[in-house]
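A.B. asks: Below: one structure in structure tokens.
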Amino acid sequence: MSNYFNTLNLRQQLAQLGKCRFMARTEFADGVNALRGKKVVIVGCGAQGLNQGLNMRDSGLDVAYALRAEAIAERRDSYRRATEHGFCVGDYQALIPQADLVINLTPDKQHAAVVSAVQPLMKPGAALGYSHGFNIVEVGQQIRPDITVVMVAPKCPGTEVREEYKRGFGVPTLIAVHPENDPRGAGMAIAKAWASATGGDRAGVLESSFVAEVKSDLMGEQTILCGMLQTGSLLCYERLVAEGADPAWAGKLIQFGWETITEALKQGGITLMMDRLSNPAKLRAYTLAGQLKTLMAPLFAKHMDDILSGAFSQGMMADWAADDAHLLTWRAETGESAFEKAPPFEGKIDEQTYFDRGVLLVAMVKAGVELAFETMVASGIVAESAYYESLHELPLIANTIARRRLYEMNVVISDTAEYGNYLFANAAVPLLRQGFMETLQPGDLGQPLPAEAVDNAALREVNQAIRQHPIETVGERLRGYMTDMKRVAVAG
């Protein structure tokens, strides 16, 4: 197997990177009909597997779970989750041959083995589904020509997929059909029905490609979604304690600060997030964000380049072959960091304090979101895809840190995201520690900014620059489809 993206010529690469179309709600008028009466078999029962299955069953589909024989015999977590929710469970040999749609929702590193095992068992003309295209694009898995290959990728952790569905809503979703595997032209109908069954059509669906989903997903999770949050958490906690802050208070300010700040981002983009600051603090955050973007632009570009070339995937798959030697080392190092070991703080921090004393946190969010978006768009990824893989998902990842700090974030995200997160943070932490953190001024972090006069012309120009950034333009339109979004922040 070889990297599928690298087998394409430049025109094909650009066409697939740039495939992105926001689908009208009328295109989902048939709902789940294309899958009604069909047998859907999900392989894997983790967060995405279980919660997508629950939604699909509640939408009237026939759903079962195929697990490895040893997982059933040993009654592992996946088996218990499926059976406790009343699903039919069987091994591959029992369930795969009767499936009309086999959905592979196992971790990325298991995809090659899983797909190699289920393919020979699939009946002629069946469909194979993914929620992340890594196996097709980066591994280059070859699928039988009679099999239709589709993707439905909710832009949310599995738990949120379920919770939004139960509210009568859904989460924004990308769908795609692999151009090499659509023998009967039925792929789009299957993908649309699957997206409807999970509730995605209620929140907005982008017709994308496997290539665009993978490359943008990898870039977002490595940089702003996980890498920047890890980098900022480690550096900001270190700075606060060095300046004499109570370690417990500092830990809470960082742990819940990301979530509180990005809740404003979720509701009104960078504009609303910056509007939560006082005028002097807004000007200072704008300046800090500009400095951060200048410093980090080469690092963001390197991650994008390595993702496009396949160098990132090649390195990660080598680590898979070495039993995750690097991943496990970096995970252990993160667990021993000062931020992770900070004592609990029993007092309350009111919501506005997270903004007033977290100007640097706001600046880091602004810089990271804009840089990730700009880098993806400059590489041929359409603005809508770049928005979903940067700004949209950030509050959801920040929420995991609020629950159990970086440990929870790295447990919830995929191993692929975790590996990329460490690569980014391992480079960004020393870069910013030496070239940026030492230049901070009083009021940037931990203390309110001293009162000072504001130049009206400067404030006007900053406000215009914030509002006119391309991510704000596309974000305002896409958020219009998500007016029922619930508030997720739990800070206190």
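Even glycines carry a Cβ here, placed using N, Cα and C.
Features from Swiss-Prot:
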type	residues	note
ACT_SITE	HIS132	active site
BINDING	CYS45, GLY46, ALA47, GLN48, ARG68, ARG76, SER78, ASP108, LYS109, GLN110, GLY158	NADP(+) binding site
BINDING	ASP217, GLU221	Mg(2+) 1 binding site
BINDING	ASP217, GLU389, GLU393	Mg(2+) 2 binding site
BINDING	SER414	substrate binding site
DOMAIN	15-208	domain 'KARI N-terminal Rossmann'
DOMAIN	209-344	domain 'KARI C-terminal knotted 1'
DOMAIN	345-485	domain 'KARI C-terminal knotted 2'
A.B. asks: Measure from the CA atom of GLU389 (Mg(2+) 2 binding site) to the CA atom of ASP217 (Mg(2+) 1 binding site) and give the result in Å, rounded to a whole number.
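C.D. replies: Pair distance, Cα basis, whole Å: 6 Å.
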A.B. asks: Mind giving me a neighbour count for GLU221 (Mg(2+) 1 binding site)? Other Cβ atoms within 10 Å of its Cβ, every protein chain shown.
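C.D. replies: The answer is 25 other Cβ atoms.
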A.B. asks: Run through ALA47, ARG68, SER78, GLY158, GLU221, SER414 for me and report the binding-site residues whose CA is within 10 Å of the CA of GLU393 (Mg(2+) 2 binding site), in sequence order.
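C.D. replies: Cα filter at 10 Å returns GLU221.
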A.B. asks: Check each residue in the chain of the residue listed as 'substrate binding site' that is at least six apart in sequence and keep those whose C-beta is under 8 Å from its C-beta; list them in sequence order.
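C.D. replies: Result: PRO107, ASP108, HIS132, GLU221.
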A.B. asks: Mind tallying the domain 'KARI C-terminal knotted 1' (209-344) by DSSP state, helix then strand then coil?
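C.D. replies: Going through the domain 'KARI C-terminal knotted 1' (209-344) residue by residue, I get 115 helix, 0 strand, 21 coil.
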A.B. asks: Determine, for the Mg(2+) 2 site, the additional residues of the same chain whose CB lies within 8 Å of the mean position of the CB atoms of ASP217, GLU389, GLU393; present them in sequence order.
C.D. replies: LYS155, SER216, MET219, GLY220, GLU221, LEU225, TYR388, SER390, HIS392
A.B. asks: Looking at the binding-site residues CYS45, ALA47, which sits with the largest number of other Cβ atoms within 10 Å of its Cβ?
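C.D. replies: Highest number of other Cβ atoms within 10 Å: CYS45.
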A.B. asks: Per residue, counting other C-beta atoms within 10 angstroms of the C-beta, which of the recorded positions ARG68, LYS109, HIS132 reaches the highest number?
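C.D. replies: Going through ARG68, LYS109, HIS132 one by one, the largest Cβ count within 10 Å is at HIS132.
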A.B. asks: Pull the DSSP breakdown for the domain 'KARI C-terminal knotted 2' (345-485) and write it out as helix, strand, coil residue counts.
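C.D. replies: So the domain 'KARI C-terminal knotted 2' (345-485) is made up of 105 helix, 0 strand, 36 coil.
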A.B. asks: Please work out which residue of GLU389, GLU393 has the most C-beta neighbours within 10 angstroms of its C-beta, and give that one of the binding-site residues.
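C.D. replies: Going through GLU389, GLU393 one by one, the largest Cβ count within 10 Å is at GLU389.
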A.B. asks: Specify the nearest of the binding-site residues CYS45, ARG68, SER78, LYS109 to GLU389 (Mg(2+) 2 binding site), where nearness means the distance between Cα atoms.
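C.D. replies: Closest by Cα: LYS109.
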A.B. asks: Please give the NADP(+) site's span as the largest CA-CA distance among CYS45, GLY46, ALA47, GLN48, ARG68, ARG76, SER78, ASP108, LYS109, GLN110, GLY158, to the nearest whole angstrom.
C.D. replies: 21
A.B. asks: Going by DSSP, is LYS109 (NADP(+) binding site) part of a helix, a strand, or coil?
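C.D. replies: Note: LYS109 (NADP(+) binding site) is helical by DSSP.
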A.B. asks: Just to confirm my parser: what is the rounded mean pLDDT across the domain 'KARI C-terminal knotted 1' (209-344)?
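C.D. replies: Per the prediction, mean pLDDT sits at 97 for the domain 'KARI C-terminal knotted 1' (209-344).
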A.B. asks: Taking the Cβ of GLY158 (NADP(+) binding site) as centre, how many other Cβ atoms lie within 10 Å?
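C.D. replies: Taking every protein chain into account, the count is 22.
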